[in-house]
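*Asks:* Below, the features straight out of Swiss-Prot:
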SIGNAL    1-21  signal peptide
DISULFID  52-66  disulfide bond
DISULFID  59-71  disulfide bond
DISULFID  65-78  disulfide bond
SITE      80  site 'Involved in active face'
MOD_RES   84  phenylalanine amide
């Protein structure tokens, strides 16, 4: 019973890797998409407002932090709140 479960998991893992490789080959390299992704991340962390606290800056409430950052309650620092976009 244990052996059949392990074999099933191994087959599923191989199928996942195979499907991922086929999709990557079909779609092409991610290197073309990387610069756009990096520029969008730069816009998130280099916002025009400089009145706010940057990443890992001290804070007391969420409004102290820049966009897409939130004040962590335990150590009182600005960290990413998990959002993207404007």
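Here the Cβ of each residue, glycine as well, is placed from N, Cα and C on the backbone.
Since this is a predicted model, take the numbers as computed values, not measurements.
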*Asks:* Consider the recorded positions 66, 80, 84 and say which one has the Cα lying nearest the Cα of residue 59 (disulfide bond).
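*Replies:* Answer for the nearest of the recorded positions: 66.
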*Asks:* Which one of these recorded positions, 80, 84, has the sparsest Cβ neighbourhood, judged by other Cβ atoms within 10 angstroms?
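*Replies:* Output over recorded positions 80, 84: least Cβ neighbours within 10 Å is 84.
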*Asks:* Closest of the recorded positions to residue 71 (disulfide bond), Cα to Cα, picking from 65, 80, 84?
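*Replies:* Closest by Cα: 65.
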*Asks:* Given the disulfide-bonded residues 65, 66, 78, which one's Cα is the least distant from that of residue 84 (phenylalanine amide)?
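*Replies:* Among 65, 66, 78, 66.
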*Asks:* Provide, as an integer number of angstrom, the distance between the C-alpha atoms of residue 78 (disulfide bond) and residue 66 (disulfide bond).
*Replies:* 8
*Asks:* In the structure shown, which of the disulfide-bonded residues 52, 65, 66, 71, 78 has the fewest Cβ neighbours within 10 Å?
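*Replies:* Sparsest of the disulfide-bonded residues 52, 65, 66, 71, 78 by Cβ contacts within 10 Å: 52.
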*Asks:* Distance between residue 66 (disulfide bond) and residue 80 (site 'Involved in active face') at the Cα atoms, whole Å?
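*Replies:* Counting only the Cα atoms, the answer is 9 Å.
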*Asks:* Around residue 59 (disulfide bond), how many other CB atoms lie within 10 A of its CB?
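*Replies:* Residue 59 (disulfide bond) is surrounded by 21 other Cβ atoms within 10 Å.
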*Asks:* Where does residue 65 (disulfide bond) sit in the DSSP three-state scheme?
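*Replies:* Looking at the DSSP assignment, residue 65 (disulfide bond) belongs to a strand.
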*Asks:* To the nearest whole angstrom, state the Cα distance for the pair residue 80 (site 'Involved in active face') and residue 52 (disulfide bond).
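*Replies:* The Cα atom of residue 80 (site 'Involved in active face') is 14 Å away from the Cα atom of residue 52 (disulfide bond).
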